[in-house]
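**Q** Pulled from Swiss-Prot, these are the listed features:
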type: TOPO_DOM; residues: 44-1441; note: topological domain 'Cytoplasmic'
type: REGION; residues: 154-173; note: region 'Disordered'
type: REGION; residues: 210-236; note: region 'Disordered'
type: REGION; residues: 376-445; note: region 'Disordered'
type: REGION; residues: 551-585; note: region 'Disordered'
type: COMPBIAS; residues: 572-585; note: compositional bias 'Basic and acidic residues'
type: BINDING; residues: 592-718; note: nucleoside 3',5'-cyclic phosphate 1 binding site
type: DOMAIN; residues: 1137-1301; note: domain 'PNPLA'
type: MOTIF; residues: 1141-1146; note: motif 'GXGXXG'
type: MOTIF; residues: 1168-1172; note: motif 'GXSXG'
type: ACT_SITE; residues: SER1170; note: active site, nucleophile
type: ACT_SITE; residues: ASP1288; note: active site, proton acceptor
Amino acid sequence: MWLTSYVLPRLKNILLLQFHITLPLNYLVLLLLSTVIITYLFLRTRILSNYSQLKDDVSDENNINRKDYMDASSASFLLNREKHKGFTSYLDEFLSAIKIFGYLEKPVFHELTKSMKTEKLQEGEIVLLDDSVGFTIVVEGTLEILHKMDNRHSNPSGDAAANATAFEPPSNDDGYLINGEKFQLLNIVKTGNPLSSLVSIMKLFSNRSTHLNEGTHPSTTNNTPGPGSPNLTGEINSFLDSTLPAKFGSADSANGNHPISPMELESTFDNLSEASENDRSAKIPDIIARAASDCTIAIIPSSSFQRLLVKYPRSASHIIQMILTKLYRVTFKTAHTYLGLTNEIIFTEFQSINKDNLKLPEYFRRSIISYFTNRQDDTGSSASTIQKRPQLHRRDSNNSLNYGSRHVVLNSRDQYNPGDLLSNVPLPRLNPQQRNDLSNTNSSSTLSRADYRPIILNNFSSSQFEETEVSSWRLALVEIIFQQLGITKDTIEPPISDDFSLHDHSLDEKGLVRRSSYSSFTSLSSSIATHSSNHLVTFLPRESQQFSRLNRTGGKMASHSKRLNGSSRSNSRTDRSESFDHFRNENLGGDNQFSDFESVKEDFSKCIKILKFEEGETILCQNSNPQGIYYLVSGEVDVISETKDGNTDESYERTLYTATEGYILGYLSSILGCKSLVTLKVSKGPAYLGLIPYNDLERLCDKYFMIYLKLSEILTNSLSPNLLRLDYFLEWIQLDSSETLFNQGDPANGVYLVLNGRLRQLFYEDADSDIVTQMAELSKGESFGEVEVLTAIHRLNTVVAIRDTELARIPRTLFEFLAVEHPSIMIHVSRMVAKKAMLMNFKSGIGFSGSQPITKLIGDETAMQKRYDFNLNIKSNKSSKKNELISNTVNYKTLTLLPITEGLPVEEFAYKLINALRQCGKTTIGLNQRTTLSHLGRHAFNKLSKLKQSGYFAELEELYEIVVYIADTPVSSSWTQTCISQGDCILLLADATCDPKIGEFERLLLKSKTTARTDLILLHPERYVVPGSTSKWLKNRMWIQSHHHIQFTPMEKVAEPDPIPNIKPLSQLVEKFKENTKKTQENFVKFLPDSIKTTVETLSGKYIDPKPNPKFYTSVDPIKNDFLRLARTLSGQAVGLVLGGGGARGLSHLGIIKALEEQGIPIDIIGGTSIGSFVGGLYAMDYDLVPIYGRVKKFAGRVGSLWRMLSDLTWPVTSYTTGHEFNRGIWKSFRDYRIEDFWISYYCNSTNITESVQEIHSSGFAWRYIRASMSLAGLLPPIVDNGNMLLDGGYVDNLPVTEMTQRGCKIVFAVDVGSVDDRTPMSYGDSLNGFWIVLNRWNPFSKHPNIPNMAEIQMRLGYVASVNALERAKSTPGVVYIRPPIENYATLDFGKFEEIYQVGYAYGHDFLQHLQEKNELPPIAGTTTSAYADKENMLQRRNSI
């Protein structure tokens, strides 16, 4: 009752109580508060958030355009597949086959083809391939090349062979039984390819036994199985030539060749002499061709080549030179670099010229040494080279009375020469008739020691022709070299045939008969003139040239020819015949007659140099350019072959033989114009050598062009059977630009070796799709296709030619033959292929694409490295990469400098680039139109120029590592088109201050449809890039793969003074006001503190006197030379710097960079993660340490400010902060700069948590992607880019070294500042109590380690991929790993800037100094002082912020 009467009413009153709170709010205060809020929002959104207004409006468009461009390029390759599948005629296939001869003039072409015939072959018919057949071409169908197996390798027993039919395929699909002999299939020749080998073509010119009027026919036999099949009588002709040497090149003495005795062979080639006597006497394998289907072959008989040699000897010499060049590139180069047959190549050289070791007479040898010593004593110089000349022989004293002599006065007398015996030495000289008789009996070979006779000049009176001592041994050296090489007077003269008019009597065309008769009396005229000059040369050696020339151009022989021809040539000759006569006169040598052999030797003797090398010195290094032909006067020289060990990449030497007095060295490289295959080192010295320099040798051989015929004859007669076999079965292939070699899915029937040019490998994901992935680019010296051939699978990709390319094809069947007959060669190839396959797996596993040594995979892994699986890396998203085509194996052989428009200083730029490339250790040569025209000479504007150009360019690529083509001609010039077609990489030069419109040269580039890599070179007058200007150049140029900023001021613009402007009166007042304002400011600033003073100066420079184009200084440090940086990048020797993430610990990056600069280490590419991306981006932007120091310190102060962080806090749903202050701090450092505007190449990475991939950023606004790379999860929100959320790149790769190696960096300095992983073993059982964890942390006596909390576990989980990537980076070859001692600093210790900076600098300085002292610092190209360094006028400034 009490409850209801007392409590309830009071409770009701309490609930009905009303409270009134009055807060007086003045209208003015409300207005002020609203103003503050609105102002804050306006400042934050409009002014403080300017960075958010920067829209990347061209990023997506660039990506789409680049992809479309690449797809279009791939589509052009697809269209090219059908390019050669249309209708082709016999003529097309014939012209394709004779490309091996090079360009042929019309008369030469007609001379070769007028006797050509075709033969129809039915399936199964046999063609015997020997020299009598001539040059054979397959114009329709397919032929199989078969090789007779030795009995040692024949499996069938004698009874089985006896019971076999005339033609029976054995169990092996690639073998046949013909008349009981087993033949192995080595190659399949298809339509448009020649059956004749390179050696057999040269033999068509050198085979003097073939009669010019003898017709030759192929020996064909129908070998279809059946009792009626005719048997092959006798043995099939031996391989190429029955007179060739057997196993080791020993020739039949009946042919004038004198084999090396077994004792000599054992003393020079131990490895070759180990073969048994049976091997030496074994017959050379026979070669035949079998028609695999009904086919047609075209045959140019050997008589056509002999007629060509008589009528057009210079053209024949050109063909021989072309074949010799291809013999080296196809056969010798494949044998040397791929099959490891260097020994046999050097043995070929030995057999060619050193079989008969002709020593210089002792008195000449001592005279040379004495004269050389006296010259050094007189001049007081240590130079080891003097110019001299040689003569050639020693004389049999028993026959000295049979020859004429001339007296030579010698100056040297010593204790070995009693009295005056050598004061008046008679030199033997044969008279012309004796010399001709001698040379005719030994024209095809050098003389043996027993048959040795000196080559004698004319029998002149000793009183008229008394020689000095120097000229005597110069002529003696020349004569000995000539004798060794088999060069005689008949050798240098074009061959003359007395029955030349009989060749074409069977022809019915009157024009041809008339031309033939004209040629006959011309040849007869030349023959009579030659005989006349031979009789007159004894008395009038100088006038004989004029007389001989008179005979060939008219004079007395004209009347004789009129009697032969019945009409006057001078009255009946037409304009066409005049042109024909001019061409023939050029082919006969023009004014250079060959009758005076003494003048030839005189020309060679003028070029002789004498060199002296001490014991142990190197005369010639392997892979160096040819220096010329050496003759060893005194001493001994080791011929050494250097081979690299594939496992350790170290080279080891092996002495092939030791050359003694009388040996000729450097012959093969000088004749073929190739790099030396061996090293020449003095083993017993001092060694004196006579040298005919390479340039002089080339000039004289071009003058006396018939020398090439003799040299080719000696070379072909000395080839070993293995080289002959290779020559016959290696196929030379020529591809035009954008032509497809083979398509993906084609049968793998051969291995290819790139001889010249460049190819690209493409992979199609689907046969019906145009989606293409570029796999790799292949350049000169690289091979491909081995894996498919050895595993018998189809082609894994499509290969297309980027530019005109030459290749050597090794058939699959040849591999199988080598496996049976030469297991050692096959083992060598198998090791190389296995190594390549291992490297491919290694690259595909960890993302590498470059050819790096596999040092970390073979036997040297540490226990820690074995714990990590390098295949667990998270690959980058390729669609985000702008420079998708960056090649990691930068091995450009040719560079093209092409201006975008007229007026750019291309030649000056080329001069500096070539000097920089040379400073980087690359042998480089530049070609412009002027130098090329001077080489082409009179052929500059005729059809022969294309042939001479291609040969000239190929020769330069052999001699130099990089050839730079300079497009210094107008856009309509053919030279500009040539430069575009020859470039592996095209450098487009553009003036960065001009309008970025498409230039006329770019239109020509697009019209040429080249697929070569194209880089843009932006030339700046100062080291400054206007923010955003680079993207204007790139956004409309989808064909650009990369760009480079280069400071370059043309020399003609340096001295130009600035124009004096006309100042108007109003302008004068403005200038006077500014001057007074400046004085007032200076007086006012004196009374301000330093902090305010800096702000006033900044505002004054920004608003009162702004400079639209600020001047930036150029560093005087040579390591920052832009041309050296470009040269290292283009030559694959770039130096990269990778800066890892680690928060405040990354401030030590600044000290590491300072230490690198002090050590003289240049940086060409920079990459980074998190704080490393920030510091690296600042350095890449200015490429100088001074300005970035202040910016990094300012940023550290902003991030370390507690008040700024508190003002940026937000509700912690996604992150604790909004990210505004962090964004603004980064933006204030980079402003509106884009990554493309950075002075040196730069990239950073981030983690795409939307697509779960790693993003690589190398374009776009710098602040945005650097902010993405620094976005620590939980502290900062992710950055959104095209709908993808980007976080800190350290979660996937905290040290992105892999991307750096993919960009072609040879040396990478990787700085790791990440936290150290806690690898303490844990042991707490199968369950875990949280209270125990807390007590364990507080218990100081506990033996259990601290258990990580949930946050630590999540962090470790996020960094699993990064730890694996870090271990992979440490084991990457070429990486210098740097880890400063910054473990005591936390991630957010930005307030300790100076301390962390000094720690990084001190450690970097000591670390690099330690590497240098231990000689472990990798050599960096371009860092040594060079004579090529340019001294430029540079703008300087003081070292201040």
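Cβ atoms are placed via backbone N, Cα and C, with glycine included.
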**Q** Restricting to the same chain and to residues at least six past its boundaries, which positions have a Cβ under 8 Å from a Cβ of the motif 'GXSXG' (1168-1172)?
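**A** That would be 1138-1147, 1149, 1244-1245, 1269-1270, 1272, 1288-1290, 1293-1296, 1311, 1313.
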**Q** Whole-number answer please: how many Å between the C-alpha atoms of ASP1288 (active site, proton acceptor) and LEU672 (nucleoside 3',5'-cyclic phosphate 1 binding site)?
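**A** Here the two Cα atoms lie 58 Å apart.
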**Q** What whole-number Å value do you get for the CA-CA distance of LEU656 (nucleoside 3',5'-cyclic phosphate 1 binding site) and the residue listed as 'active site, nucleophile'?
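**A** Rounded to the nearest whole number, the Cα-Cα distance is 57 Å.
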**Q** When the pLDDT values for the motif 'GXSXG' (1168-1172) are averaged, what is the result?
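**A** Across the residues of the motif 'GXSXG' (1168-1172) the model's pLDDT averages 94 on the 0 to 100 scale.
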**Q** Distance check, please: Cα of ILE608 (nucleoside 3',5'-cyclic phosphate 1 binding site) against Cα of the residue listed as 'active site, nucleophile', rounded to an integer number of angstrom.
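**A** If we compare the Cα positions of ILE608 (nucleoside 3',5'-cyclic phosphate 1 binding site) and the residue listed as 'active site, nucleophile', the gap is 66 Å.
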**Q** Measure from the Cβ of SER624 (nucleoside 3',5'-cyclic phosphate 1 binding site) and count the other Cβ atoms within 10 Å, all protein chains considered.
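**A** Taking every protein chain into account, the count is 14.
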**Q** Based on Cα distances to the residue listed as 'active site, nucleophile', point out the closest of the binding-site residues ILE640, LEU672, TYR688, TYR704.
**A** ILE640
**Q** Does DSSP give SER624 (nucleoside 3',5'-cyclic phosphate 1 binding site) helix, strand or coil?
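**A** SER624 (nucleoside 3',5'-cyclic phosphate 1 binding site) sits in coil per DSSP, no helix or strand.
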**Q** Using DSSP, break the motif 'GXGXXG' (1141-1146) down into helix, strand and coil residues and give each count.
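**A** Looking at the motif 'GXGXXG' (1141-1146) with DSSP, the answer is 4 helix, 0 strand, 2 coil.
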**Q** Under 8 Å Cβ-Cβ from LEU672 (nucleoside 3',5'-cyclic phosphate 1 binding site), six or more apart in the same chain: what's there?
**A** LEU324, THR325, LEU327, TYR328, PHE332
**Q** What number of additional C-beta atoms lies within 10 angstroms of the C-beta atom of SER1170 (active site, nucleophile)?
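**A** Taking all protein chains shown, SER1170 (active site, nucleophile) has 29 Cβ neighbours within 10 Å.
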**Q** For a quick check of packing: other C-beta atoms within 10 Å of the C-beta of ILE608 (nucleoside 3',5'-cyclic phosphate 1 binding site), how many?
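**A** The Cβ of ILE608 (nucleoside 3',5'-cyclic phosphate 1 binding site) has 26 Cβ neighbours within 10 Å.
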**Q** For the binding-site residues ILE640, LEU656, work out the Cβ neighbour count at 10 Å and name the residue with the minimum.
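**A** Counting other Cβ atoms within 10 Å of each of the binding-site residues ILE640, LEU656, the minimum falls on ILE640.
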**Q** Name the secondary structure element type, per DSSP in three states, that contains TYR688 (nucleoside 3',5'-cyclic phosphate 1 binding site).
**A** strand
**Q** Give the number of CB atoms, excluding that of the residue listed as 'active site, proton acceptor' itself, located within 10 Å of its CB.
**A** 26
**Q** Counting by DSSP, what is the helix, strand and coil composition of the motif 'GXSXG' (1168-1172)?
**A** 2 helix, 1 strand, 2 coil
